[in-house]
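Record features, source Swiss-Prot:
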type	residues	note
DOMAIN	14-257	domain 'ABC transporter'
BINDING	G55, S56, N57, G58, A59, G60, K61, T62	ATP binding site
REGION	263-295	region 'Disordered'
COMPBIAS	282-291	compositional bias 'Basic and acidic residues'
Amino acid sequence: MAVTEEEKKRNSTVEISGLRFTYPGIDGHPPPGSKPLIEDFSITLNSSDRCLLVGSNGAGKTTILKILGGKHMVEPHMVRVLGRSAFHDTGLTSSGDLCYLGGEWRRDVAFAGFEVPIQMDISAEKMIFGVAGIDPQRRDELIKVLDIDISWRLHKVSDGQRRRVQICMGLLKPFKVLLLDEITVDLDVLARADLLKFLRKECEERGATIIYATHIFDGLEDWPTHIVYVANGKLQLALPMEKVKETSKKSLMRTVESWLRKERDEERKRRKERKANGLPEFETRTEESRVTGDPARMLNNGWAAGRLHSTVAGGEDNFVLSSNRVLR
């Protein structure tokens, strides 16, 4: 019997509905009239889904993952992870149910309550075994999967070896939703293949959901269950992989390449037309201006500059009043 849309919504682990997002200026407010970076973006993913997020540089992939990871403020109804608001419900990340690996995480990791540069003189063993409350069996499995020598001194090993230690630490807690932002770039062929195999098993055996943004397609031909293509902050397509394979006879890499080439050709055509009409080839961005009050809330997703904690209890129900409207 076919699953209804209502049943899919009930069972969804990740739900983005009409997402709109604008980065603020230096004063914490997006410039008036600035174009949203993400606009009218909607996807739904369920348990066991492995979603590949693709797009050109600057398309908005990292921003989408950060919003899903609770790093940026948006209206509570726009982004739901495990049925909860990704930003307001800090229990999602503190419990390990929602895990984000990417961006600043690649340069520093939290160790013993402090931000520690991963290049410092410390052993892999101290970093990995310093994470409390971890299942020893899972820890041993990850050390084996990533082929880590726990005697490594992190200031002496290669970038790829340091990355393995970081990934191991990030995956120690069993997650329900995992967000990956190009974290395999330094891994060798074997380390990457073994990691992808482990992540696939996490989805198939534990029902985890993974969203993986990458430009490296080696070994991914049969890995994802879904693919999402974003361009200029807008959703271009979101399809199960079998649908993509039905419509394209090319490999995954060649299929994505054809999408990106078409996008680039159209962008070059637009720039040429702007130039022919006496306009700047590239659109200028508005910066360092300020808008306040209710219009600001509509533009800046409720950001408040300089606040690091909430002064009003109650989570998303107090969205309008809460001062917990900041960049995390």
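Any Cβ shown, glycine's included, is placed from N, Cα and C.
Quick caveat, the model's predicted, so the values are computed rather than measured.
Looking at S56, N57, T62, the binding-site residues in this record, the fewest other C-beta atoms within 10 angstroms of the C-beta turn up around N57.
For G55 (ATP binding site), applying a Cβ distance below 8 Å and a minimum sequence separation of six or more within one chain yields K61, Y229, V230, A231, L260. Long-range Cβ neighbours of G60 (ATP binding site) (same chain, at least 6 residues apart, Cβ-Cβ under 8 Å): L37, I38, V230, N232, G233. The 10 Å shell around the Cβ of K61 (ATP binding site) contains 24 further Cβ atoms across the protein chains shown. Cβ atoms within 8 Å of the centroid of the Cβ atoms of G55, S56, N57, G58, A59, G60, K61, T62 (the ATP site) belong to the same-chain residues V230, A231, site residues excluded. With the fewest other C-beta atoms within 10 Å around its C-beta, G58 stands out among the binding-site residues G58, A59. Confidence for the domain 'ABC transporter' (14-257), expressed as mean pLDDT, is 89.
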